[in-house]
Amino acid sequence: MSRLPVMSLKRVLTSSSSENSQDMAPLQKRMRKDQEPRKPQAAATIIGDKRPAAAAARAPPYRPIRGAGAATVAAGPSRGQMSCYFCTITRCVTGATRRKPWDLKGKVNDMEGKIRTYQTKYRSVNEENEALKDSVTQGQTKVSELEQEVKGQKRKISEYEAELQMLSGVQNQLEEVQREKNVLQKEMSNLEQKYKVMETLRDSQETELQTLKMKLSVQESTMTRLQATLRDREEEVSSLKETVAEQRDELHAGEMERRRLHNTIQELKGNIRVFCRIRPLEDGGLSKHIQLAASDNKSIMLAKTEESHTGKTADTQKNYHFSFDRVFGPLASQQEIFDEISLLVQSALDGYNVCCFAYGQTGSGKTYTMEGEEVDDTRGVIPRAVQQIFRAGDKLSSQGWEFTFTASFVEIYNETLRDLLYTGKASKRPEHEIRKTASSDVTVTNLTYQKVHTEDQVLGLIALAKENRSTAQTAVNDRSSRSHSVFQLQIEGANAGRDIKCKSTLCLVDLAGSERMMKSQSQGERFKEMTSINSSLSNLGIVIMSLANKESHIPYRNSKLTYLLQNCLGGNSKTLMFVNISPESDSFGETLNSLRFASKVNDCVIGTASSNKK
């Protein structure tokens with residue numbers, strides 16, 4: 001086992017050198033691995049498309065070279081070289097060459113070889129390092145250039161972005177302009193069409209203008225002729241104005257003459273006139289004791305059959321004849337009644353005091369005659385008189401007259417004045433007194449004097465007064481008026497153009513019914529009312545007789561009724577009395593008394609009334 005062939009040493013040395021070369025390969029791999037982090041600099045060099053020539057030339061020495069010893073080991077040793085074979089295997093496993101401890105020269109040679117190899121590698125690495133430094137320097141220069149170029153590119157990009165934004169705004173403007181262009185094109189197209197239409201219209205207008213010029217020339221000639229006619233008409237109008245002024249004067253004079261003649265007629269008829277009206281029977285028949293002449297509407301006769309007191313002679317008939325200004329039968333209508341007094345009502349508008357009152361027993365139709373009902377055909381004297389006053393006032397307004405009207409409605413109940421237009425609480429009713437002013441006008445304190453402008457306003461006041469009037473049930477009438485109601489309409493007229501003023505009072509009175517206690521069977525409060533009513537009616541008769549006898553003292557103050565009506569009953573007024581009679585035979589006594597009283601009034605002459613003008 002200790003024997004070794006002579007060539008074994010050579011093979012060992014060869015193997016040794018091979019192994020050294022093999023040991024160099026891992027070293028080269030480790031050195032290249034250490035150099036791999038420097039590849040980014042090489043990458044920078046590659047970006048510049050320039051690779052260092054020295055590094056390219058020296059790249060092959062860094063490639064590992066397999067030694068021949070490996071191939072020898074693969075081929076296997078010969079029989080005489082078995083020990084060396086195992087040694088080689090051992091070196092392959094341990095990666096180191098094992099020399100004999102005494103083979104210092106070999107070890108030195110090995111180390112020298114390694115030193116040379118390392119020196120060679122070091123030189124190549126230095127060269128490569130220098131080349132890489134140059135490459136890094138060039139790369140840094142290139143990087144700085146590229147950074148400058150990048151900054152320039154960024155500036156350009158910023159400029160391009162700004163320009164792009166500006167161009168986007170310009171594009172929007174361009175789109176807007178394009179839309180406006182389209183709109184303008186449409187408008188232009190429309191205008192072109194309109195222009196064509198206007199050209200056509202212009203042609204037609206020119207034709208029409210020529211026609212109008214011809215007409216204008218004709219109209220000018222016509223206008224010249226009309227101007228001449230106008231001058232003639234103006235002269236005629238001025239003449240007509242003078243005529244109208246003269247006619248107005250004549251109309252005013254005619255109105256004054258009409259009033260004078262109207263008053264003369266009323267005076268001829270008498271300042272106190274008496275009308276008699278017979279109420280129809282409830283069953284519509286005719287009364288046997290009341291007889292009217294067919295051809296005379298001013299007379300009435302009462303016939304009464306009396307028994308013989310001795311019984312030897314037959315019954316006798318006693319007749320009572322009366323004559324008045326007008327007698328109305330039971331079939332007379334409300335309109336027919338008013339037609340007879342309409343001229344008297346007109347006198348109130350002419351400035352005369354007018355008084356119209358209804359007298360008669362209870363249930364004889366006095367309230368129906370004065371107030372009537374709400375239906376037009378059955379309306380009484382008061383609403384019809386108001387209607388006539390307002391309508392006549394409207395007609396006179398065309399002649400320059402202006403009228404103001406003041407209405408009041410008062411009730412005399414048991415010699416106490418009550419305001420029928422009062423709308424407050426009954427417990428707070430004020431007291432009223434009759435007073436005479438310095439101008440001799442009669443007024444009532446705390447009384448409602450309502451300014452009225454239309455007929456409907458007056459009718460409303462009449463309806464209110466009708467609701468507030470005192471009535472009660474008696475044996476003669478289910479709803480008997482237990483008081484005197486006095487409606488007064490004060491009239492003030494003025495004609496500024498003529499400087500004329502007038503003032504008058506229209507007084508319409510519905511007297512309470514006269515009655516006898518035996519027939520009405522009044523008791524208690526009704527008896528007191530009856531006594532007061534009969535007393536005031538008696539005083540009314542006394543005043544009228546005193547006026548007729550022209551006595552120096554007229555007892556107006558004996559009752560509230562005569563005191564309130566003194567201006568309407570005196571000589572400066574026109575008075576009309578309705579005497580209403582009942583047709584029943586059991587009312588014969590009351591009818592006879594009423595007709596006798598009315599006959600006395602009809603025989604009175606109280607003087608000539610005068611107009612209250614200023």
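Count begins at 1; order follows the chain as displayed.
Backbone N, Cα and C define each Cβ position, glycine as well.
As stated in TrEMBL, the feature region 'Disordered' covers range 1-59 out of the listed 1-59, 237-295, 296-354. Of all the binding-site residues listed (Gly363, Gly365), Gly365 has the fewest other CB atoms within 10 A of its CB.
Each of the binding-site residues Gly360, Gln361, Thr367 was assessed for Cβ neighbours inside 10 Å, and the highest tally belongs to Gly360. Ser364 (ATP binding site) counts 29 other C-beta atoms within 10 Å of its own C-beta, drawing on all protein chains shown. Counting every protein chain shown, the Cβ of Thr362 (ATP binding site) has 25 other Cβ atoms within 10 Å. A sphere of 10 angstroms centred on the C-beta of Lys366 (ATP binding site) encloses 26 other C-beta atoms.
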